[in-house]
Structure formats: C-alpha cells, structure tokens
Amino acid sequence: MAVPRIRQLRAYTVRGGGADYHDQAAGHWIDDHIATPMARYPEYRHSRQSFGLNALGTLVVEAEADDGSVGLGVTVGGEPGAWIVEKHLAGLVEGQRVTDLEKIWDQLYLSTLHYGRKGLVLNTVSGIDLALWDLLGQVRQEPVYHLLGGAVRDELVFYATGPRPDLAQKMGFIGGKLPLRHGPAEGEEGLRANLDALAAMRQRVGDDFWLMWDCWMSLDLDYATRLAHAADEYGLRWIEEPLLPDDYWGHADLRRRMPARMLLTAGEHEATRWGFRLLLETGQVDIVQPDVGWCGGITELRRIAALADSHGKAVVPHGSSVYSYHFVLSRPNSPFAEFLMMHPDATEVVPMLHPLLLDEPVPEGGRLRVPDRPGFGVRLNRELDLSRPHTH
Ligand SMILES: C[C@H](O)[C@H](O)[C@@H](O)[C@@H](O)C(=O)O
Ligand SMILES: [Mg+2]
C-alpha cells in the first residue's frame with residue numbers, strides 16, 4: 001500500500017487567545033500583576049503584556065497529504081513562526097511520507113541549528129511536528145494516543161492553574177496552582193503579601209488539597225529559599241519555575257536548600273532532550289513540565305519523557321490542551337495533567353485554546369476521557385481571522 005506523501009505545509013497567524021493564551025483582552029487574571037523577571041523594572045510590573053509576553057501571537061500549522069487528509073498543529077509563534085514554516089521548513093517537509101516523523105524531525109532540528117535550538121524556532125518545529133502527528137492520525141483514522149502505544153489509564157485527572165483554587169477544588173480538580181504575584185523587587189512587603197495570599201487560600205481549601213505556586217522565572221536563590229521555607233508552613237506542594245531557565249545550577253542549589261517534602265518543578269520554557277538532560281541531571285528538579293508546543297513536539301517529548309523516567313521523575317506537560325492529553329494518556333510517568341483556567345476570572349471551565357479549535361474537550365469534575373477521534377480530535381475554527389505570512 002502506497003504511503004501518502006505531504007503535499008503542502010501551510011502556516012497561519014491569529015490574534016486573541018488560542019495557542020498564545022497570554023494574548024487576552026484587558027482584565028484577564030493571567031495579565032494581572034504576576035511576578036516576572038521584568039518586575040525589577042517598575043513600569044513593567046503590573047502586566048506581562050506591557051513587556052510583550054503576547055508579542056508573537058498564535059501560529060497555526062496545517063499539513064495536507066496527497067490523499068486529502070489534513071493535520072493541524074498550534075503553538076506560539078505568530079508572523080515570524082509562519083515565515084519560518086513557509087519560507088524555510090516547508091521545503092524540507094513537502095514530498096516526504098506521512099509516516100517519516102523521526103527523519104523529518106531530525107531534518108527540522110538540524111537545518112535550523114544555526115538560528116534555533118530553543119524558543120521561537122523550536123516552537124515552530126513543535127508546531128510542524130504536532131501537525132504531522134495529527135496528519136498521521138487522520139490518514140490512519142486513529143487517535144494519536146494509539147500511535148503512541150495506547151492508553152495506560154482510562155481517563156486523565158487534572159490540577160487547575162489560576163487565581164481560584166477554592167473554586168477548582170469544588171469543580172473536582174486535584175489541586176490549584178496560583179500565579180505568584182510579588183518577586184524580590186517588591187521586597188519584604190511583597191513576600192509577606194505572597195504568604196498572606198497563600199495562608200488565606202489554605203484556609204479556604206483545607207489541608208488536603210494541593211496548592212502550588214507558579215513563579216514564572218521571577219525569583220533569585222535567596223528569595224526562593226526564604227519563600228519556600230515560609231510556604232512550607234502552609235503545605236505548598238511545589239514551587240514552579242522559581243529561577244531563570246538557564247540557571248540549572250541555581251535550581252540544584254535551591255533543591256538542596258528548600259524543604260525536602262516540597263517539590264521543585266520546571267521545564268515549560270526548556271526545549272529538546274539536551275535541555276531536559278541539563279534540567280534533570282544538573283538542575284535536580286522533581287517534576288519536568290515540557291510544553292509539547294515548545295519543547296520539540298510529540299517526537300521530542302517521547303525522548304524527554306523516557307529520559308525523565310530513567311531518572312525516576314514524572315513528566316507533567318505544561319498546559320497545552322489536546323496536544324499533551326494524548327501523550328499523558330499513554331505515559332506511565334505522567335500521572336496527571338495541567339488545565340489552565342482561561343475564563344477571565346477563573347470562575348468556570350472554558351476550552352484552554354478558545355476560540356482557536358472546534359471540538360476542544362475540557363475536563364468535567366477535574367477529569368477527562370480523551371475522545372477517540374482521529375489525530376488529536378480537533379478542527380481549526382475557520383471563522384477566525386486567519387492570515388498567511390507576508391511573502392515579501
Ligand atoms: C500562570 C503562569 O503565570 C503562566 O501564565 C502559565 O502559562 C504557566 O507558567 C503555567 O504553568 O501554566
Ligand atoms: Mg508554569
């Protein structure tokens with residue numbers, strides 16, 4: 001039987017939510033005074049959009065085969081990512097067989113080494129890889145988790161990220177991850193405000209519900225050490241991305257200094273098996289959190305997860321909707337998943353990548369049975385203002 005070949009790789013950009021879920025309208029919790037490394041500059045402390053967190057916007061990648069099947073991948077990448085897809089990488093992918101994911105990934109990574117390795121370029125490689133896994137699922141008429149070796153559990157359980165763990169608890173999630181609001185630039189007053197907020201939330205949810213802090217790379221070793229020890233009184237389950245992603249050595253120092261029962265997690269801004277080797281072996285993190293749309297796609301995430309497993313570490317992908325759900329379903333060392341509460345006040349469950357996808361499933365009662373539809377089981381919302389890259 002002739003294996004279909006990839007006829008065309010197309011890129012689109014779109015603004016307003018979607019894969020660039022930080023690209024929200026004013027007033028959304030996700031842009032409301034969250035601690036970041038830029039907070040040392042007071043003018044950028046109130047909003048992450050103020051320094052361009054949403055500068056890129058969503059990148060949509062479509063891969064069409066010569067049998068008419070179409071695969072869909074999404075990531076953060078916008079116009080520059082679309083240009084890389086159509087003006088560089090499409091030429092390497094078109095004409096290849098839909099089955100040849102490993103060879104294609106190798107060529108995408110090696111052909112962009114001189115300007116890639118992480119960040120926007122690996123986001124773009126990831127977006128293409130996701131589209132190709134979806135395409136293979138469409139051609140084979142099987143969900144991606146079947147292609148990954150099948151399910152190791154019946155359903156997924158989730159923790160929720162957002163400002164309302166108390167509501168997440170009522171909705172059936174297994175824990176709530178709070179964005180940390182104040183970093184070192186706001187001194188002891190900010191540290192106290194962080195702890196007061198954690199204490200108040202612990203009071204609301206009781207002692208048995210997981211509470212975590214997402215520090216979004218905003219702290220230094222001294223502040224993170226003091227914060228972790230003070231937060232241990234309130235049973236903080238994990239402290240996430242406390243330091244700069246390149247400071248693998250600082251993570252190891254923090255791991256040695258922080259309370260033993262508290263977990264150190266990181267990885268959403270890391271890419272490739274080499275980056276995660278550093279995070280695991282040098283950084284000594286307890287849980288790695290790759291984003292499947294940023295780390296190299298499913299093809300690379302398989303390698304990252306196997307590496308983590310060899311260290312006895314869990315892989316809990318950063319919130320990336322269906323693109324990580326199929327992976328988590330198929331991995332023994334992915335015991336739960338993240339759900340980002342993208343409602344502006346986090347008061348209800350809405351699709352994480354809204355309004356980008358049709359048929360995007362959401363947890364009910366904090367749980368989800370992944371639909372058995374082909375590929376990742378979602379379709380592009382063509383009602384959106386989708387733009388192709390400028391070719392000049
Ligand atoms: C909520 C966090 O500040 C980030 O916005 C989020 O994208 C990420 O860090 C996460 O772990 O969900
Ligand atoms: Mg995070």
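Keep in mind that glycine also has a Cβ here, set from the backbone N, Cα and C atoms.
In TrEMBL, annotation is done automatically, which means it is predicted and not curated.
TrEMBL lists Asp214, Glu240 as Mg(2+)-binding residues, and of the candidates Glu186, Glu188, Glu268, Glu270 the one it assigns to that same site is Glu268. Local packing around the Cβ, expressed as the count of other Cβ atoms within 10 angstroms, is greatest for Arg48 among the binding-site residues His22, Arg48. It is 14 Å from the Cα atom of Asp291 (site 'Increases basicity of active site His') to that of His22 (substrate binding site). In this view, Asp291 (site 'Increases basicity of active site His') is surrounded by 24 other Cβ atoms within 10 Å of its Cβ, with every protein chain counted.
Asp214 (Mg(2+) binding site) sits 15 Å from His22 (substrate binding site), taking the CA atoms of both as reference points.
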